[in-house]
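Undergrad: Annotations per TrEMBL:
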| type | residues | note |
| --- | --- | --- |
| TRANSMEM | 29-55 | transmembrane segment |
| TRANSMEM | 67-89 | transmembrane segment |
| TRANSMEM | 125-141 | transmembrane segment |
| TRANSMEM | 153-172 | transmembrane segment |
| TRANSMEM | 178-199 | transmembrane segment |
| TRANSMEM | 211-233 | transmembrane segment |
| TRANSMEM | 245-265 | transmembrane segment |
| REGION | 278-306 | region 'Disordered' |
| COMPBIAS | 280-295 | compositional bias 'Low complexity' |
Amino acid sequence: MQSLKYWLAEHPSIVNFRWSHTQSFGSTWSFLFAAIAVYIVAVITLHSFLSLILSKSRRIPLGPIPAIHSLCVSLISAVIFVGILYSAAAEIRDTRWFWRRTKTISTPFQWFLCFPLGTRPSGRVFFWSYVFYLSRFLHLFRTFFTILRHRKLTFFHLFNQSILLWMSFLWLEFSQSFQVLAILLATLLYSVVYGYRFWTAIGLPSACFPFVVNCQVVLLACNLISHFGVIFLHFLKGGCNGMGAWGFNSVLNGVILILFLNFYVKMHLRKKNVEDIDGNSNSSSSASSSSSSSAHGCSRSDIKFE
């Protein structure tokens, strides 16, 4: 355990980390805008090209690549989760004296929601915030997998991936409050969701309910509750660091929440329509459908959220 703590929270490269436009890869605004623009153009181009030369029902086999990608994202997310958890504990231990001077926060839980004014993007937790920012680029590949396998591209997916990359950049650029808790929640979700995707990609049975979508609902609910905590501490304790970026990110999160709720409602309406059709089928068709669903591990109800 001591060795693990050293490599994840006490290594000099982690302790002495500093977010810098000259030393940190991908830390400039021009890089961020260029990366998002290239991603959007590449995705739209690939989708348009495949739509022209292939029928919508034809899928391009990718072999084990999606499964390997899911496993890598799951493992990286788990490492980030453990690393930032250890680092947060170390930062709380080392900076309690600063809390008494600022009088902004008084408990570790408040620190998770509200950084004291004057916090700079350096040290342990910002190292893992930087790793999380870089890991967002790995998530972008899933869009290409979805297009190649399902020939499907939605505005929500494109917007969601771009905005999450943008937000993780703002966390570092403005030392935004709430980012530690947000990363803990997100990496815990990603390690579970992508582990589940790896599980199903190698042929193991899937859940009999929309597992990925329900996990996303839990994450959005936790984030929404935490945002109220940030507002409360900001006005009660005299200010939290990076609130300008937090306000901008809150607006973007609100847009994502609205788009996701729209998707969630449509998913349940589609599921209800399928159930109504099944209810009106004759008994022989119902028996055949039941045996087919049983043989495929409840695959019908496992509606995927890409």
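Placement of Cβ uses the backbone N, Cα and C atoms for every residue, glycine included.
How about a rundown of where these features are and what they're close to?
TA: Here the transmembrane segment (67-89) has long-range neighbours at 4-5, 8-9, 14, 112, 123-125, 127-129, 131-132, 135, 138-139, 141-142, 145, 180, 183-184, 186-188, 190-195, 197-198, 201-202, meaning same-chain residues at least 6 beyond its ends whose C-beta is under 8 angstroms from one of its own.
Listed as Cβ neighbours of the transmembrane segment (153-172) (distance under 8 Å, sequence separation of 6 or more from its ends, same chain) are residues 19, 27, 32, 35-36, 39-40, 43-44, 47, 121, 126, 129-130, 132-133, 136-137, 139-140, 143, 146-147, 179, 182, 242, 245, 248-249, 252-253, 255-256, 259-260, 262-263, 306.
Tertiary proximity for the transmembrane segment (178-199) is limited to same-chain residues at least six positions away from its ends with a CB under 8 Å from its CB atoms, namely 66-67, 70-71, 73-75, 77-78, 80-81, 84-85, 88, 111-114, 125, 128-129, 132, 171, 206-207, 211-212, 215-216, 218-219, 222-223, 226-227, 230, 246.
Using a Cβ-Cβ cut-off under 8 Å and counting only residues 6 or more beyond its ends in the same chain, the transmembrane segment (245-265) has close neighbours at 155-156, 159-160, 163, 166-167, 170-171, 173-174, 176-178, 213, 216-217, 220, 223-224, 227, 230, 305.
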